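Noted in Swiss-Prot for the protein shown:
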| type | residues | note |
| --- | --- | --- |
| BINDING | ASN9, GLU373 | Mg(2+) binding site |
| BINDING | LYS16, HIS202, LEU203, GLY204, SER205, GLY206, ASP277, ILE278, ARG279 | ATP binding site |
| BINDING | ARG87 | substrate binding site |
| ACT_SITE | ASP144 | active site, proton donor/acceptor |
| SITE | HIS175 | site 'Transition state stabilizer' |
| SITE | ARG235 | site 'Transition state stabilizer' |
Amino acid sequence: MKDVILIANAGSSSLKISIFEIQNKQVKDKIYNIFLEKNDNKILCYINKKQESATDIKDDAIEMMIDLFEDWWKKQENLNLIATGHRIVHGGKNFNKPVIVNEKVSEDLRVLIPLNPLHQPYNLQVLDLFLQKYKEIVHIACFDTSFHFTNPPITKAFGLPKKYYAKGIIRYGFHGLSYKYVSSHFKEMTKEDLPIKTIIAHLGSGSSLCAIKNGLSLTSSMGFSVLDGVMMGTRTGNIDPGIVLYLIDHEKMTTKEITELLYKKSGLLGISGESSDIRTLLASNSPDAKFAIDLFVYRIVLEIGKLTAALEGIDGLIFTAGVGQNSAVIREMISAKLSWLGIKIDDTKNQKNEHLISTESSKVKVFAVPTNEELIIAEEVIKFL
């Protein structure tokens, strides 16, 4: 029988479960990749990318996903579950490292739901269901915000009265599990040391950038919420707060309507009127699609300039996540606007998605590497075994 750990990553309409085999307190292999998603009135279940079932939704979708997983799990007689790990997007001011989840921890995390309504409720719903169903094993919460606890106070503060800082209205930063994976596995992937002053660009449906100095987070593009920073698939990125006040006072929009607008109807989707998927927009002939891509690139270039200033220089630029790792076109567009930094891209290496894509004469080394949030969570979980 194989000892395994389960890694869960829940969203509002999907649940990703990765199952890793463990030997001698080391992660050996990922043996199952399970993806459940809500699609119209059904829940689709994929195991190792093959669709296994389509079930009518009759109850709470997330609970049904867990039940479907359990039905499958009961048939896996050769697997012994010894622990679970959970991606929790927001750890607030107190959770600076992974923790074993108990009732107190669960309560403390629930208090943070208003800070991240997009992810936190579903992260915690799945965590609580596993706590109820598998009481005899340990359950570990790993936080996207923890990586940024090394940020100095000057990078966390907003220009609000001091009492709000004390209440936790600060810049937290997100995508920390991705940044931790890339920075800690960088040499293994590229055979190079992580540059001293590095910017990692995590570009996907949600996007952010992080300035890393000597392997530690200095500051990042996302702040109090996952809305901040660069424009994303359906999220605005950074906007003037006066816009929100205007929408309330003059457009008579409710906070619920504004939340829907900022989180789900803006970004690439809102600008293009077509899609939140960068591949679809790159293939489109629509002027609005082109403008959406140009704005996406422009905002990223501005952010790289800001983070370079925070680092007081830059030695390395690393692209990662779905768009960052796989879109040679977007990497080229961004890099072309950074020639003032001495960045030069090797077109052949870039098109082949090689890890090192800059030329030998480039003053900044540029890389494209995968991220693996599930694996970094698994590596954290085994530290508790």
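Keep in mind that glycine also has a Cβ here, set from the backbone N, Cα and C atoms.
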Span of the ATP site, taken as the largest CA to CA distance across LYS16, HIS202, LEU203, GLY204, SER205, GLY206, ASP277, ILE278, ARG279 (Å, rounded to a whole number): 22
Mapped DSSP class for the residue listed as 'substrate binding site', helix or strand or coil: strand
Candidate nearest ARG87 (substrate binding site) in space, where candidates are the recorded positions ASN9, LEU203, SER205, ARG235, GLU373 and distance is Cα-Cα: ASN9
Of ASN9, ASP144, HIS175, ARG235, GLU373, i.e. the recorded positions, those within 10 Å of SER205 (ATP binding site) when Cα atoms are compared: ARG235
Close in space, distant in sequence - ARG279 (ATP binding site), Cβ under 8 Å, 6 or more apart: SER327
Under 8 Å by Cβ from ASN9 (Mg(2+) binding site), counting only residues of that chain that are 6 or more apart: LEU15, LYS16, ILE17, SER18, HIS86, ARG87, GLU373, GLU374
Number of Cβ atoms other than its own within 10 Å, given for HIS175 (site 'Transition state stabilizer'): 30
